[in-house]
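Read the structure below first, then the notes.
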Amino acid sequence: RLQESRERLSVCSKLCYAVGGAPYQITGCAIGFFLQIYLLDVAQLDPFYASIILFVGRAWDAVTDPMVGFFISKTPWTRLGRLMPWIIFSTPFAVISYFLIWFVPDISSGQVMWYLIFYCTFQTLVTCFHVPYSALTMFISREQSERDSATAYRMTVEVLGTVLGTAIQGQIVGKADTPCIESLLFIGKTNSSVAMEELNMTHDTGSLTDTRNAYMIAAGVIGGLYILCAVILSVGVREKRESSELQSDEPVSFFRGLKLVMNHGAYIKLIAGFLFTSLAFMLLEGNFALFCTYTLGFRNEFQNILLAIMLSATLTIPFWQWFLTRFGKKTAVYVGISSAIPFLIMVAVLDSNLIVTYIVAVAAGISVAAAFLLPWSMLPDVVDDFKLQHPDSRGHEAIFFSFYVFFTKFTSGVSLGISTLSLDFAGYQTRGCSQPKEVNFTLKMLVSAVPVVLILLGLLLFKLYPIDEEKRRKNKKALQDLREESNSSSESDNTELASIV
């Protein structure tokens with residue numbers, strides 16, 4: 001009991017730890033919803049180059065996760081700990097690179113390289129923050145109950161971080177009136193260049209300057225929050241080396257462990273199912289701002305619609321937590337994720353209507369909450385199943401989580417690159433007040449038909465997932481028996497040693 005009281009974390013420590021999860025979610029949400037429309041309509045890049053930036057940035061982000069995890073495992077302990085130096089020293093450079101992503105350089109050529117370099121740099125630095133932060137859970141206490149409690153605080157703050165990122169970016173940018181150029185479809189081809197020049201001369205270019213300034217103000221506010229959260233985390237949380245002491249046995253090597261994990265059938269089936277459903281919601285996230293602006297015609301409302309999605313997701317996470325404990329996780333997957341399908345079809349079939357769009361946004365948020373919560377709820381069940389099948393192989397938890405993130409990020413990069421490229425093929429007009437019918441049709445496909453197909457494929461793959469509630473209870477009981485057997489064996493060894501002494 002004395003040992004448990006020493007390991008108990010105060011509410012203040014848990015809150016300081018939880019605050020550290022906000023920067024990743026705030027910046028990720030702002031980039032996920034707004035970077036595509038920013039590159040196209042504010043930085044005025046060609047859609048082809050925008051697709052390259054989005055794909056390479058997401059793919060590089062995926063690669064950096066296992067790389068940073070590997071380097072952290074080789075980092076020696078310091079006076080600040082082993083993980084805290086990564087968090088502290090990466091923060092200022094991450095904030096600078098994040099700000100430069102939302103800055104339009106006054107150069108005629110080289111803009112593509114500018115955004116590509118700083119986007120990849122930021123993804124690397126935010127990974128240097130988030131990977132050690134995620135691993136910090138194992139270093140704040142040896143008591144599993146205290147770690148679970150701190151994780152619950154963290155998930156709550158991270159969900160609030162997604163709302164905060166959407167609200168800050170959306171409301172600040174939404175106050176600026178982004179200028180647009182009328183379509184030249186009805187202007188004679190011989191006069192098209194002259195007409196375009198006249199439109200540009202008579203257009204209020206100051207409005208575009210205001211929009212660019214609004215994006216930089218939002219980046220400055222989010223960067224300030226990033227630094228504040230990092231300071232609270234580093235001051236309020238103490239990394240304990242003794243909390244991470246391992247058993248005397250040497251863990252299996254990384255590559256051998258990776259081979260074992262990738263041969264585990266339940267893990268592959270879970271990844272495959274969530275890969276398709278995650279891609280569906282990432283396509284919706286990446287293209288929803290363009291869809292609201294051009295296809296639905298809600299140029300001045302899209303930031304409020306995005307906020308409705310994230311607020312709905314935040315408020316319904318407790319419901320899904322109750323639902324999965326009451327009816328099981330596989331049932332929660334089927335009900336939660338499939339509930340978005342009728343509303344996604346509705347928004348594409350019905351005429352543009354603001355009330356219907358808000359209803360669809362709230363319904364999509366309910367499904368987003370399920371997609372946000374369920375992967376992290378089901379992955380521990382797969383790890384437990386793996387431990388039962390390989391009782392002599394340990395220390396692979398990081399592989400399970402990091403490679404799930406790796407596959408999700410990499411495929412999201414591919415999907416976003418392809419979707420932006422498809423807009424280019426459809427004839428997307430940068431800064432256009434309206435878009436050709438082909439572009440509007442493509443946007444409908446990207447936020448409705450394609451996500452519905454991906455969700456259905458993911459749900460079909462979940463039929464193959466072998467861990468249902470009965471299997472999960474059996475695994476839990478078997479693991480408990482193994483732990484009790486291991487503890488009794490350890491106690492008998494200690495008793496024998498004491499008698500010898």
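From the backbone N, Cα and C atoms, a Cβ is placed for every residue, glycine too.
As annotated in TrEMBL, transmembrane segment covers the listed stretch 15-36 rather than the other ranges in 15-36, 37-58. Across 83-104, 266-284, 355-377, stretch 83-104 shows the highest tally of CB pairs under 8 A with the transmembrane segment (116-140). Counted over residue pairs 6 or more apart, the CB atoms of the transmembrane segment (214-237) and the transmembrane segment (83-104) come under 8 Å in at least three pairs, which marks the two as touching. Among the recorded stretches 15-36, 266-284, 304-324, 331-349, 398-421, the one sharing the largest number of Cβ pairs closer than 8 Å with the transmembrane segment (355-377) is 304-324. The transmembrane segment (304-324) is in contact with the transmembrane segment (331-349), judged by 3+ CB-CB distances under 8 Å for residue pairs 6 or more apart in sequence. In summary, the transmembrane segment (441-465) lies against the transmembrane segment (266-284): three or more C-beta pairs, each 6 or more positions apart in sequence, are under 8 Å.
Using a Cβ-Cβ cut-off under 8 Å and counting only residues 6 or more beyond its ends in the same chain, the transmembrane segment (83-104) has close neighbours at 20, 27, 31, 35, 38, 42-43, 68, 72, 75, 111, 114-115, 118-119, 121-122, 125-126, 128-129, 131-133, 135-136, 139, 212, 215-216, 218-220, 222-223, 226-227, 230, 233-234, 239.
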